Each structure stands twice: as C-alpha cells, then as structure tokens.
Amino acid sequence: MDDNKKKALAAALGQIERQFGKGAVMRMGDHDRQAIPAISTGSLGLDIALGIGGLPKGRIVEIYGPESSGKTTLTLSVIAQAQKMGATCAFVDAEHALDPEYAGKLGVNVDDLLVSQPDTGEQALEITDMLVRSNAIDVIVVDSVAALVPKAEIEGEMGDMHVGLQARLMSQALRKITGNIKNANCLVIFINQIRMKIGVMFGSPETTTGGNALKFYASVRLDIRRTGAVKEGDEVVGSETRVKVVKNKVAPPFRQAEFQILYGKGIYLNGEIVDLAVLHGFVEKSGAWYSYQGSKIGQGKANSAKFLADNPEICKALEKQIRDKLLTPGVDTKAVGSREAVVADDVAEADADS
C-alpha cells in the first residue's frame, strides 16, 4: 500500500474510532487467535464430532428432529454439564412440558435452573433477549420454536389464517438478539420440530418450523434421530441415537455421532467411552473381554462400563486420552461415533455371552 492510501486509511480509522469508539475496526493480526470456548454436550462422540469439544459459547445452536428423538434430553444434558462448570442456565419452556423430576435424573440442578413458561412467542423471545443482555446467563434453551405462538394467533379465532407470522417474529427476534448473544458470550439453543412439505417430488420433504431465519443465524445445527431400541432381554430400556452436524461454522460440518440414551438416566457416556476407546486402540478387546493397560476391566460392554462407573479416575483418564487424540487439528473424526470397526468383536461377544 502506498503512502497516500496509508494516510487515508489512518484518517478513516481515526474518524471511525472517534465516532464509534475504540475497537470499532481492528486488524485481525493485531490480536492472538483465541480458541472458541465450548460447553460439553454430555456425549463424548458428539463433542468430538462438533470439532471444538462441545457447543460454542456466544453462538446460536438449533437442535431439531422427529418426536421422541432425544432433543430435550440432549439440551438438559448440556445444561447439566454447564452447571458442573459453575454456569448459570435458563430454560424457556414454551411447550409447558418440562419435567423437573426427569431433569434432575439427568444431572440438572433444578434448584438453580431458571425456568420461564411464557404465554406468547413475543414474550418468550423478549424474556430470552433480556436474559442475554443481563450478561449473567451462560446457557439458554428455548423449547421449542414450534411453540412460539404469535400473540395475534392466540387472540384470534381458531380458523384464522396467519401466514408467515411466526417466521416474521423469528426473523425480527434473531436480528435483535444475535449481537447481544455474542457480546454476552452466551450459548442459546433453540429446539425445533420437523414438518413435511407438500408436493415435494425430489429431495427431502422435511423442513423445520419458524421460517428460514434460524437456519442462517445458527452457527451449529444438529439433526437428531432415534435409530433403534436398547434392550435388556425383552424390555426396552433406551434408544440408539444418531446426531448429524448438518451445519457448523466453527469446525468442519457433516460429521456424526452415535450413542445410547437410557430412559431415566440420559446419555450413556461410559458405554460411549468403551466403544470409542476400543475403536481408537486405548482399550483392547479380545472376544468378550476388555482390557486397559494390560488389566482386564470386564467381560462384555455393560460390565466394562460399570467398571468405569466404579472407577471414575480411570474413566476420566480414558476420556482425556480420547479427547486429546481426536480433538487435535487435522484428525479425521467423521466416523467418531460409529461402531462399524468393532461389529465383528461384538458378534464374538454375543456368542461368548450366550
């Protein structure tokens, strides 16, 4: 850049700082790059699939999926992990369906959790904005976008048409709160539902409610699906769950994680650690037996997971080894939550157990 351009730029920057304050414009090279702070989801595989060890603070996150797929369970798990770090969390329950007893079983400190059950969509989003601007809240969950009913729709007749009203409400609210979320370094999670588009011949007919604004403003979008049942004998005790990162502005997208959600207990973290430790060579598996550092820890996955539950220091050390390896830049974690690599061993385990 020649001297005249440098002088013109310096004058422009000086005028901008005088008018808008110091830091209104800055060179990116003048400051060291800082890692994006993240809050764990409670699932090791999902934390790794997200690329930064969890959901990013100061950003908007959308979690969507079919009914009973684990959306609320996942967000309550995030709240539980945040509270363990001393964070203050809020739950905007637009669906009026939050079960404190279930939240407590997942590890949420319900006594410290702030809960709001607003009457209208405008009220819910206004409360969310005020909580963000307080700079005192670390995590806010809005459950759900589909339940953010505009005031005009509530006050109108049942058959009245309100085309695009909810989409306009979401668009206006997100324009207003996005900057505040960044300044407050607050994680805001919107839970969303799936609807079907009529007349779609090619591509997926699925779409989410509330218009397109949230798709653009969200830094991370997670598609959560129930893929099967977890059984003990004939009794169904949980769900096999797959989460796909369909959008990620802070790491490479389209990774996915698979884990189990046990009814009344939440994400089966110890079982996930066993699977990932075998997949990446930290735990050896011979037939039905699992060994860690030369010592047998259990016969079968369930017994090995119980060993980790009874020995939290070993569990934490194993989890740290997995995180250190897979969260290193340049490591491919596309199949981090998949179990294809140990399917053959699982067959051998089933044969040994039977």
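Note that Cβ sites are derived from N, Cα and C of the backbone, with glycine treated the same way.
Per Swiss-Prot, the features are as follows:
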type    : residues                                               : note
BINDING : Gly65, Pro66, Glu67, Ser68, Ser69, Gly70, Lys71, Thr72 : ATP binding site
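Of the listed binding-site residues Ser68, Ser69, Thr72, the Cβ environment within 10 Å is emptiest of other Cβ atoms at Ser68. Same-chain residues with CB within 8 A of the center of the Gly65, Pro66, Glu67, Ser68, Ser69, Gly70, Lys71, Thr72 CB atoms, the ATP site residues themselves not counted, are Ile224, Arg226. Ranking the binding-site residues Pro66, Gly70 by how many other Cβ atoms lie within 10 angstroms of each Cβ puts Pro66 at the bottom.
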